[in-house]
Amino acid sequence: MTTRTKMKKRSINKNSSSIEIEDKDKTLKKVVTHTTSTKRKLYTWHEIPDWQKDNEYIHGGYVKETNSFTECINSLFYIHNETVNIYSHLIPGLISLGLVTIDKYCVPKFNTTTMTDYLFIDLFFVGAFACLTMSSTFHCLKSHSPGVAKFGNKLDYLGIVVLISTSMVSILYYGFYDNSFMFYLFSGITLMFGTACAIVSLDEKFRAREWRAYRAAMFVMFGLSAFLPIGAGLIYYGSHETWTRVQLKWIILEGLFYIFGAFLYGGRLPEKYCPGHYDIWGHSHQIFHVLVVVAALCHLMGLIESYRYVHTYMIPLMMQA
Ligand SMILES: [Zn+2]
């Protein structure tokens with residue numbers, strides 16, 4: 001073997017070892033990337049920071065503090081203990097907004113239907129949209145940081161206040177269609193209770209864990225304030241007329257769903273009796289969310305029936321008089 005051939009062979013060996021190193025580098029890079037993309041996304045109660053600890057009966061499925069809005073948005077694409085809370089309100093919230101844009105096609109039309117009718121029915125849809133989307137936004141971003149979680153939680157409660165207020169004002173419009181004084185009086189009372197609930201939700205003092213049951217009770221009282229106009233209706237119009245005007249069967253059902261939801265939420269049922277079993281599916285907050293949507297649907301049924309009653313019976317009678 002000549003010296004030249006030896007040098008060539010050495011150079012080939014050198015090249016092949018550099019290719020080997022390059023290959024090893026690539027493999028290492030691949031391993032690192034793979035590890036990053038498949039890093040653990042869910043954590044247990046003991047692994048999350050204290051500020052994220054809210055319900056000790058939920059043991060796992062947590063998205064740990066992300067400090068990144070991108071990470072929070074990414075959490076929409078895998079299952080964790082907030083997934084049901086996010087989607088149970090996001091989907092019906094977007095549907096509510098969609099209904100505002102097609103109200104003329106989905107609300108039954110009468111010769112006497114006016115823009116004001118659409119305004120009051122849309123008021124309910126907008127309230128539902130605001131409540132449900134604020135809630136799902138909160139549940140999506142609550143793993144970001146203490147500051148974002150706290151702000152989002154306030155919006156969550158505010159959303160419920162907005163939904164109850166808009167629900168009540170919309171049905172009061174039809175219930176007291178021929179009595180503007182009663183309409184303004186009870187709408188004012190509704191807004192007053194709504195403001196009180198908003199304060200309880202936004203004020204730092206009432207947001208502490210030990211006030212949970214009281215906060216829930218305040219919301220129940222807000223819901224129960226619906227009985228004031230019903231009582232006035234019973235005295236003023238009698239039971240049969242009141243029952244038909246505001247479609248009481250739907251409103252009573254709505255109230256029952258809200259109360260039952262608040263009861264489960266306040267009592268942390270069912271997870272309290274089977275800790276760790278309802279982490280991903282079926283814990284109290286998720287049931288509460290679903291019941292809020294069911295209650296809103298009951299309200300919509302009552303509202304549409306009440307609107308139908310006004311245009312079928314009341315307006316023709318008023319025109320005859
Ligand atoms: Zn919620």
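Just so you know, glycine gets a Cβ as well, placed from its N, Cα and C.
The structure displayed is predicted, hence computed values, not measured ones.
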Per TrEMBL, member of HIS139, HIS144, HIS240 binding Zn(2+) alongside HIS285, HIS289: HIS139
HIS139, HIS285, HIS289 as binding-site residues, winner by CB count within 10 A: HIS139
Stretch-level contact, the transmembrane segment (214-238) and the transmembrane segment (118-137), CB cutoff 8 A, at least 3 pairs: no
The transmembrane segment (118-137) vs the transmembrane segment (183-202): 3 or more CB pairs under 8 Å: no
Zn(2+) site shell beyond HIS139, HIS285, HIS289, criterion: Cβ within 8 Å of Cβ centroid: GLU82, VAL84, ASN85, ILE86, SER88, HIS89, SER135, GLN286, PHE288
Remote residues contacting the transmembrane segment (157-176) - C-beta distance under 8 A, at least 6 residues beyond either end: 120-121, 123-124, 126-128, 130-135, 182-183, 186-187, 190-191, 194, 197-198, 200-202, 215, 219, 222-223, 225-226, 229, 233, 242, 245-246, 251, 254, 258, 292, 296, 299, 302-303, 306-307, 309-310
